[in-house]
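Undergrad: So TrEMBL says this about it:
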- Asp116: active site (ACT_SITE)
- Asp132: active site (ACT_SITE)
- 64-82: transmembrane segment (TRANSMEM)
- 94-111: transmembrane segment (TRANSMEM)
- 123-147: transmembrane segment (TRANSMEM)
Amino acid sequence: MNLKHRLFWGAALGAGLLDRITKLWMMQTFTVGQTLPLWPGVLHLTYVTNSGAAFSLFTQGSGWLRWLSLVVSVGLMAMAIWGPKLSRWEQAGYGFILGGALGNGLDRFAYGSVVDFLDLRFIHFPVFNLADISINIGIACLLVTAFHKQPPPPTRGDHQP
């Protein structure tokens, strides 16, 4: 099997599945607003829904966010299929972003809001989920490649002098 950008697809699939599994578990195990201290005062599992974007931005009239996540997801998949050869960091970065966009986008289409549950109480940070973490990991990977640019891996027809 010769699948172009295997790391991209693996990161997207892994991130998307982990996000989906954890959200389904939260919805089946907790009621909205319920919290479970894993490390009291530091890390809690708190089931909340968010109709907006990160940090609850754009909560009013946020229906367009579902379409944005769909456009981003389709664009990233098209890039992976028909676009240029990507470095491993780029593959990982775009793959993690795709996994996160699909995870939160699926929530928006299915429920009208995103399921969040990771609650870092010690820094009073907004509750978030694994899709959010995946998007941030993806951005970090792309920053690495932006500041440490390497040539893309050679394709089969390329000859080294």
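Each Cβ is built from the backbone N, Cα and C atoms, and glycine gets one as well.
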Undergrad: Measuring Cα to Cα, how far is Asp132 (active site) from Asp116 (active site) in Å?
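TA: Each residue's Cα considered, Asp132 (active site) and Asp116 (active site) end up 9 Å apart.
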Undergrad: Under 8 Å between C-beta atoms and at least six apart in sequence, can you list the same-chain neighbours of Asp116 (active site), or say none if there are none?
TA: Thr46, Tyr47, Val48, Thr49, Asn50, Pro126, Val127, Phe128, Asn129, Asp132
Undergrad: For Asp132 (active site), just give me the three-state DSSP call.
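TA: Assignment for Asp132 (active site) reads helix.
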